Each structure stands twice: as C-alpha cells, then as structure tokens.
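Below is one structure; the comments refer to it alone.
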Amino acid sequence: MQIGLCDPHSLVGPRRQRRDCNQESCDWCGAHQADQPKTANSFKSVGSSTERGPRGMLLLLLRLVNMADQNKTGTEGKLFSEILSPSELFAARSRSHKIPVRGQKDFFPNDSDEQRQRLEQSLNEHWSLTSEERVERLGNLVKAVWIPSDQIVELQSPAGKFWQTMGFSANGKQYLLPEEALYLMECGNVQVFYRDLPLSIQDGYERFLSSATVTLQQYQVFGHLKRLGYVVHRFDPSSEPSSYARQLNLPQSRDRAGRQLKRKRSPSPTATCSYTEAQVESTIEKMEEDKCSLEGDDAKKLAASPDIQTATTSGADEGRSWWMTDDLGASDKELHHSPTSGSSRWDFSSIPFPDVGSSERHPSCLAPPEPSLLPGDLTVGVCDIASWRRKINLRMVKMSSKEQKREKDTRRRRWDVNKDREVRRCRNWAEYHELLARRQRKRKGRPAHLWNREVTPLHDPKQPISTGELLDKISVIKSTHLLEGASRLKGSEQWRICFNVYQPDTVADFKKSNPGKPYSRMCVCSFDGPVPDLRAIKLLAFQSGDIPVVFAVVDHGDISFYTFKDFQLPTDVFP
Amino acid sequence: MQAEFRAPRRRTRVQEEYEAPLPVSLRPEERSLFRAELINQHVLVRDLEQIQKIHNQGFFGKGVLSRARPDHSISDQWEEHEGLFLPLVSQARYEELLRWAGATLSAQGLDEEAVNQTLLQLSQPIGTEDLRGEGQMMNGQEGPGPEDGASPCTERAWPEGGASPCTERAGPEGGASPCTERANPNPDSDSFSDSDSEPGPGPGSGSGSLVPGPGFVLVVSDSEAAVQIREVRRTPLSLSEYLQLSLEEAFFLVYGLGCLSVHMHQEPLSIVQLWRKFRSLHPDFVSSYAAYHHFRSRGWVPKEGGGAKYGVNLMLYRKGPPFYHASYSVVIERADDAFEGSALHPFSWRSLAALSRITANVSKELMLCYVVYPTDQSEAELDSPECLSRLKVQEVIVGRWVSSRERAEQDDI
C-alpha cells in the first residue's frame, strides 16, 4: 500500500470515511467507476435515519463485496468496514420488516414492575429500530460533490428519479441545492463527497445547513413536507412578479440556475417603490429580449405597453418625460390612443373585443388578436382566461318564495320621497329645505341632550328606513384588506417566505422549468418565537401575491402549520 | 388569499320568532326611545316593555337574573286558570315569600301589628273577574333603590294607597301582544339553554287569556286531595329583572341608532359625555367599540361574554343566539399606521395554538380583528366619537393546516 499513488483504502478517523479510488482499475477495490451501475453486489452503508415508506427504513447494509479478492479478505476486513461480506448482507436482507406494535396507551404511571418492563421493552425496540444501519446499493447511489464556495452540490453521475422535482442544470452540469442534497442523502439516493471523502449524515447537517443556505428548522419543515410527497422549492422573491407585472399577465420563465449560481444570496426583498420599478425594468428587458407575449385584449393594457416602451427609452434618453405620449396628441387613458409608430386611428366598431364577462359558454382560452392591432414587434399568444372568468361570473341567486315575498314587501314599503304631496308642492330646492326645517321643528320627542350637542347620533329613529339602508348609514368604520398599505412595508429579517410548496398529485407532470403556481408558500418560525403581528402578515401576503402563506411552527421537530387569512365579513341583511 | 366564508350553522330547535334586526322600527309612529340608567358602572334598563323590545330586536344586553335573555319569573311553571295565565307557586313557597315580605317591612321600622295587617291584606285571594276587569292601571315605574331588584310589592303600593302593586300592562288590546310574548317564556328559556329542562307549558293559552302582570300568582294548596285548589293571590315579593347592557351595546344604541338615552343621577348624558365616561371606565373602549360598531353595521350580532367561555372578546352570531350557533370568536387587537402596536392580548404560539384548538372544538372560526389607528390622531381626537370614521378594521381568520395528504385533499388551504 503506497501513500500517494493510490491510497483509497485507508481509513481516516472514527467516522468511517473512505477515500474514493479514482483509478479506472485498481487492484484493491473491485469496483470500477465505469462498472458501478452494473455491479450487482456492491453495497455501501449510508448511516441510519428514518425515511418515507411503510417500513420506514432501508434495511440493507451495504458493503463492497469483492468476490475476486477473497484472498485479501484479511486486510480488507480491517479497512473496508462499510463493505459487507456476503453473510452480513444476507443477514441484513433477511431482517424482519415488522414495525414494533405499540399496544394500548397507559395514561398514568403506576410504579409497577410490569409497566416498567413493558415500557422498557417498547423503548428498546424503537431504539434498535432507529439505530439500524441502512443498506443501499452502491450502484444506486448518485455521486455528488459539495462545493462550499457556491454552497451547492454538483452531481457527478447521472441523476435518478428525483431529478424530476429537485435540482437544476447550469453550465451543462447538474446541481442540487444543499437541503435537497441532504434530504437525498438521508433517503439513501445520493452520496456527497467533499475533498474526495464521502460525507456522513452528521457532516451533511453540519455543513449544508447554515444561515446562508437553509437553517435547521427550515430543513426540518422541508424534510417533513418532502416525506409527505409535496414538491418543495426555495422561494425567490425577485422572481415573483410585482403586482403591476401580474396585471400585465406576463408568462413566467423559471430560471433557477441563474438565481443560484450567478447571484449570491440576495438580501431580504425590500418592497419599496424602487424595487417595484426595478422589477418592471427587468420584466421589460425580458420582453424585449425574449419577445414574450403580452396580454393584448384590453385597451388599457395596450395603452400601458407603449408606456413601458417609453419608459425604457426615457431611461436611455435623458430629459424625456414619462408622459411623452401626451405630446403625441392623445392621452393614454382614451381609447383612441395612437401608438408611437404613428399609425392612423383605429375604427373600434370593427375590432372585436371579447366579452369575458358574458354568461354564455366561452372557451377558456382567448385567441390572439390581430397583429395589426399591436404596437411594435410584439407577439401575443393564446391567453388562458379561466381564472378570470371564475372571478367575474356570478351565479344567479334563486330566492325562495319566502324571500321573494319579503322582497316584494320591502319594495312596497319603500318610502318614496316624491309620493309626499308637500314635497311635490315645493317648486325649488329652497322651498324643499324650508319644508324639511319645518318638519324638523315639528318633530317631537327628539331628546335635546342627544341632538342639540356637538355630536349627534348617526340615525334618527323617527325616520323610516330599511335595514339595509340603516346599516349603510351607520357604517362609519371602513374595513380594510391585507394588501392595503402593504406595498410600503419594508422587508424584515425575521419574517421571510422560505419555500414554495406544490401539491403531491402534480408530481407526475411536474416541470421544473415551469412549475406553475404553487399550492402555498411556507414561512418557517420557531415555536418559542413571536407570533406574526399584522405588519408581518401584511408583508408576507404582499410578497406572496395570491398564494396563501402558511406559517410552519417548529417545536423541536414537531411541526404545526397555521394560516392567517384575509377576510371580509359579508353584510347580513334580514328584511 | 381570502379566507372562505363558511355558512353559519342553524340551531336544531328554534322556537323563536324573528322580530326585527334592530330596535328601530320602520314605522315612524312607533316610539322607540328607551331609557337606561348608568349605575355603578353598569348600564341598566328597567322598564319591562323596553327590555323586551331592546332584547328581542337585536339581542342587546343580558337579564341580570337570567342566563341570557331576561326571562326571570317567580316560578318555572305557568298555568292557565280561568282565562288567565299565571305563574304557579306552591303554598309553602307562598308563605315563605310572605315571611320575607314581612321581614323586609319590619326592617323598615314598621311595628309588628302593622306588618301583620299588611300581610293579611296582601294574602287575600283575588277573584279572577276583578283581575280581568281591571283596565288601565297605573304604570308607576318609580322603583325603589336599584341596588337590589327585590322589593316587596306593598312598598310600591304604599304611596299609591293600595293600588295594584306592580306595573300592569295596558288594556286587553295592548295586553294581547305582550301576552303572547310572555306566554312563551319557558319554551324560550328552554330553547335557549342547551340543557334539557322539561318544556314549560306550551303557548296554548292563545290570545284569549290575559297575563295580568308580575303582581299575581296562582297558589296551589298542598292538600293531599286529588284536586288541588288554586287561588289567585298577589305576589308578596317580586323580583323585577333589569336588562344589563354592556358599555359598547349602550353606546351603539345611543350613538348609532339614536334610540336610547342614558341617565346618570337622573341627568341625561350627551353623547360626548357618555363617550368620555365610558373611556374612563374601560381603557380600551375605543378599540372594542370600533370593533362592535363594525360588526353591527355588517348586520351581525356580537355578544360579549365570550371571555369566560371561550377566551375571546366577542362572539359573532347571525341573526341572534336563538337562531344560529355563533360563527366566529373574535379577538380584538389594535394596530397603528405601521401595523405594529402593543397588542391587547400578547399572543405566544402556545396560547394561539390553544385558542385555535378550543375554537375548532366548538366548531367556530377564530378571527383576529385589528383596529388600525392613523398615526396622526391626537388624544383630543380620540375624546370624541367622531374619531371612529378614521379608524379601519382588518379581519384575519386564523386556521390550522394539516399537512398529511388525506386532510389536504379534502379542504384546500
């Protein structure tokens, strides 16, 4: 055994590390890099932890079985301690797969021997279960390398099935995020190397999780959700469209690689005006570079798009005002706004505008408009309006006969001021005011202490008024919604959205390049920490847009999820 | 993302007629001006008819001697006797009441003979014809000291010289409608309480029988014979029940609807005076009133008293407690313009989780109601109810999400 040439077989430290042999063929390790996937009998231990699945654990203990080097068993046995001998493998494979049964719960300790024995036995069973080593086929393990400078894991052998929902490609190589790598390590799918040594699970926890990547609590939530089958991606606030861009309905282009490698971890998003402008600028760049399609069936948006173009040109051309289009002779609010190209005015009677709100059956997709209607060199694709239509169309309320009768009664009882003869006799407003003042004075029983002071009641009970009108009259307190005023809130370090979560059912046709809208977004907090106040709720709601935000509260491994949702109490009027 | 609105759950046994959403009638001829007294930091309404109106139309207030609605009566059993609907009292109980009346009278300094005379006079059986014949009675509402609602009827009768000791409803025509109302006191109280007390006598009296007022009882002699003699007597000691309004409810009736006047030491209070008085009694009156006013102006019925039962400020009912189960438990918080602020109920995750669980166990939804104050509001502004128009209310529903797949498929977040 010579140190320096090929020394893959010396053990370093108590953590059972093994230097990988990069030689194509080596007398010492029977496994060849090229042959690894095909070798049927190479197994490696990957530590022990719990994993999804009914059994909860992989129970195969792996070792490299070197059939050809039986004569070296003596030295090998001391050195390759993770590699299983055939008998060990057989023992591991034929281990019982049963989960220990947990009988009925005892509700209080009764200091009896029998109870103590039962509890001890149960605890021992669980302990042995969790301390079992897991066995994995070496051929199944995807090799990867940890790159601390980028805090990223680079795959060195082709990825497996997990590639469908995890990882990203960049510069022709495949990468995994640290939390994904750690999760796959725990599952037994990936073996991550650092300086040519495989990392243990403990190493993984220590190195991959940090405040720069993903904290331990966030990882616990990540693992919990992944084991239930959800697809969990990191939330990137800068790739979320601002509310303005959302109005324009630009299609999303996911660029996970760019985010991770090119950009260092960006600071918390500041939802200030400048940020919004920057967002618009970046979307504008995307528009002009990628020739994305713009939603074109709304005149307002048509007017908006020339404004965007002028914005970029104004950026380049100093001294031009934002309202340059006004100088062209048409305001951007009016329909007959002429585009900057200076073409003649349109005849709107001949341009069909789709009626999105009609109750007839409409196809849920709108065909693109004529290219002649669009400014510049924009191309518009087919627009999916299903979500819009759902918001617009209201159902006809069918009233029961009782309710219809009530409606008729109120309509009959509605007091029409014009039916009053005295009112009809008034010839002008001044006389009407006099009449009202006279009536006011005639009105008896108005308590002076209420009505003749600085503040009077909101309603005079002498006035006949329907309940609905009364409720409107006394509604002096306005209700507000979460997004109101949220745009001026600065981001906080404490409350951040960490993950996007997608439904487990969508895994089959999940595309990393276009995952679609997430099911929810996660914000991870500690159970010992503070509860989000209104400010935090508003901030996160604004960042998230129309996706609900779920707070994952971590209490030493136990996770509970809470939502704080916007609500407006509907008005309830009983006639 | 908006929370979904869940329809309120109707109660299974609803025996109450819905009168009106608010005690302000649509017909201007009807009087809807009520009077309340501010006594020892409580707002009390004493007139029986006003109590009925205020409570039945909008479910304001709580009877001081009852669980919720003011339905205290001297007996749980009412019976019809010769065309009159009267509470039933056993002979022993009647004599007990007589003794208490006597004790009160002698405590007031009357000598023993005068007391016995009065008691004898009081316990004469009354012919039902006399009762029915009695038309318009004096509506004396000069009650004795309001510290305790109990008073021997004779004391009231004293200055009037033996006239009908307690207030009487008007003639048969006016008596008809309160009669049918009062004819259902026990079924109402039973439909209210979720315990299964036996249902009282049904409203079988119809509109024909007269309820002669709280001054009369039907006394059953404890004879062993099969037929028990029933006699109509005067009530020696009656407890008149008041309606207690919370500060927010009282202020809403005064300011929002203009139908209540609050008097303190016989002096009517103006709106600003009332506002300042209430603010001095409750430091957070502005926030709690703003939330109350907001829910009332949405047509819902907010009830206090959720604190002791569910750990929250208000319970929201649709239409009223007898009709629907409460839909929301509301915790009122305040926030300033930057949406931060000292919380009225500082929550930890532990307390929030506990509250959320309790609320879910009683099938309600936990709502946090944030009252947002503008930053430039001075103390002077807060001293007048006009500041309400600058406040805003934000409602947030707190819910739990279960991550395991079976649950997540059933209900979305």
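Note: Cβ is positioned from N, Cα and C throughout, glycine not excepted.
On its own chain, B:Tyr317 (active site) has B:Pro8, B:Phe59, B:Trp300, B:Val301, B:Pro302, B:Lys303, B:Phe323, B:Tyr324, B:His325, B:Ala326, B:Ser327 as residues at least 6 apart in sequence with a Cβ closer than 8 Å to its own Cβ. Residues annotated as active site in TrEMBL: B:Tyr317 (among others).
Residues or ranges marked as active site by TrEMBL: B:His325 (among others).
Look at B:Lys364 (active site): DSSP puts it in coil. Residues or ranges marked as active site by TrEMBL: B:Lys364 (among others).
Among residues of the same chain six or more beyond the domain 'tRNA intron endonuclease N-terminal' (B:241-275), those with a C-beta under 8 A of the stretch's C-beta atoms are 22-24, 32-39, 42-46, 50-51, 54-55, 60-66, 70, 72, 146, 149, 281-282, 285, 288-289, 292-293, 296-297, 304, 383-385. Taken from TrEMBL, the feature domain 'tRNA intron endonuclease N-terminal' covers B:241-275.
Over the domain 'tRNA intron endonuclease catalytic' (B:285-371), the average per-residue pLDDT in this prediction is 88. Positions annotated as domain 'tRNA intron endonuclease catalytic' by TrEMBL: B:285-371.
Per TrEMBL, region 'Disordered' is recorded for B:130-213.
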Work through the active-site residues one by one (B:His325, B:Lys364) and point out the residue whose CB has the fewest other CB atoms within 10 angstroms. B:His325
When DSSP is mapped onto helix/strand/coil, what comes out for B:His325 (active site)? coil
According to DSSP, does B:Tyr317 (active site) fall in a helix, a strand, or coil? strand
